[in-house]
Amino acid sequence: MSPVVVLVGPPGSGKSTIAALLASRLGKTHRDTDTDVENEAGKPISDIFVDSGEAAFRSLERAAIVAALQDEGAVLSLGGGAILDADTRADLAGHNVVFLDVSLSEAAKRVGLGVARPLLLGNVRTQLRNLMEARRPLYAEVAKLTVDTDGRAPEDLAAEIVEHLG
Ligand SMILES: Nc1ncnc2c1ncn2[C@@H]1O[C@H](COP(=O)(O)OP(=O)(O)O)[C@@H](O)[C@H]1O
Ligand SMILES: O=C(O)C1=C[C@@H](OP(=O)(O)O)[C@@H](O)[C@H](O)C1
Ligand SMILES: [Mg+2]
């Protein structure tokens with residue numbers, strides 16, 4: 001009835017990477033709502049933003065989240081902006097949500113430059129700082145556990161989360 005664990009956090013916190021590692025450790029399926037949105041739209045997220053705008057992306061994302069939260073036994077990674085939606089935050093209340101935290105400097109290094117994350121285009125560091133400041137209370141609100149990822153290897157973080165899941 002519900003995913004084993006749901007990972008939230010800003011871009012570059014490692015949600016997609018760590019969810020894949022967790023799924024393989026736990027023998028579960030990895031589901032990433034960004035991938036679901038891309039499959040549904042038939043194009044990359046960057047093209048959805050360019051062709052139709054952020055609102056269109058958010059609407060596809062919301063539908064992907066509603067479907068994915070029904071996925072029993074999956075390890076689920078959301079996109080960084082998923083928690084902007086109040087209905088999504090309410091839906092997450094009953095789930096095992098882990099907030100992967102990261103500092104601005106480490107997140108900026110991890111995401112680098114590129115079109116894959118259209119919201120960060122322009123000045124990556126400024127964009128990241130603004131969205132991290134605005135969203136931090138929302139990640140904290142939905143999370144049952146917060147894990148600081150700075151200076152820690154993905155395998156090590158996955159091991160800690162497995163331990164937490166018992
Ligand atoms: N703990 C970590 N330490 C160093 N690099 C990481 C870590 N977690 C993820 N990365 C790298 O950071 C980049 C962004 O990771 P990703 O999983 O796509 O983050 P998210 O889905 O949260 O945006 C990838 O290149 C990934 O390999
Ligand atoms: O922070 C955001 O609003 C977004 C984060 C991205 O996912 P990641 O957090 O996995 O990079 C992706 O959903 C989209 O580019 C929007
Ligand atoms: Mg991701």
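For all residues, glycine too, the Cβ spot is worked out from N, Cα and C.
Over in TrEMBL, the protein carries these features:
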- Gly12, Ser13, Gly14, Lys15, Ser16, Thr17, Arg117, Arg152: ATP binding site (BINDING)
- Ser16: Mg(2+) binding site (BINDING)
- Asp34, Arg58, Gly80, Arg135: substrate binding site (BINDING)
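Features as recorded by TrEMBL, highlighted on the structure.
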{"residue": "Gly12", "record": "ATP binding site", "contacts (Cβ under 8 Å, 6+ apart)": "Val102, Glu106, Ala107, Ala108, Lys109, Arg110, Val111, Leu128"}
{"residue": "Ser13", "record": "ATP binding site", "contacts (Cβ under 8 Å, 6+ apart)": "Gly80, Leu100, Asp101, Val102, Ala107, Thr149"}
{"residue": "Gly14", "record": "ATP binding site", "contacts (Cβ under 8 Å, 6+ apart)": "Leu100, Val102, Arg110, Thr149, Pro154, Leu157"}
{"residue": "Ser16", "record": "ATP binding site", "contacts (Cβ under 8 Å, 6+ apart)": "Asp32, Asp34, Ser77"}
{"residue": "Thr17", "record": "ATP binding site", "contacts (Cβ under 8 Å, 6+ apart)": "Pro154"}
{"residue": "Arg58", "record": "substrate binding site", "contacts (Cβ under 8 Å, 6+ apart)": "Gly81, Leu84, Asp85"}
{"residue": "Arg117", "record": "ATP binding site", "contacts (Cβ under 8 Å, 6+ apart)": "Pro11, Ile45, Val111"}
{"residue": "Arg135", "record": "substrate binding site", "contacts (Cβ under 8 Å, 6+ apart)": "Pro10, Gly80, Gly81, Ile83, Leu84"}
{"residue": "Arg152", "record": "ATP binding site", "contacts (Cβ under 8 Å, 6+ apart)": "none"}
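The local packing around Asp34 (substrate binding site), expressed as other Cβ atoms within 10 Å of its Cβ over all shown chains, amounts to 22. Checking the binding-site residues Gly12, Ser13, Gly14, Thr17, Arg135 against ligand 2, not one has its Cβ under 6 Å from it. The Cβ of Lys15 (ATP binding site) lies under 8 Å from the Cβ of Leu7, Val8, Gly9, Asp32, Ser77, Leu78, Gly80, Leu100, each of these being in the same chain and 6 or more residues away along the sequence. If you compare every pair of Cα atoms in Asp34, Arg58, Gly80, Arg135, the residues listed for substrate, the longest distance is 18 angstrom. Cβ contacts within 10 Å of Gly80 (substrate binding site), excluding its own Cβ and spanning all protein chains shown: 26. In the three-state DSSP assignment, the secondary structure recorded for Arg58 (substrate binding site) is helix. For the recorded site, Gly12 (ATP binding site), the DSSP three-state label reads coil.
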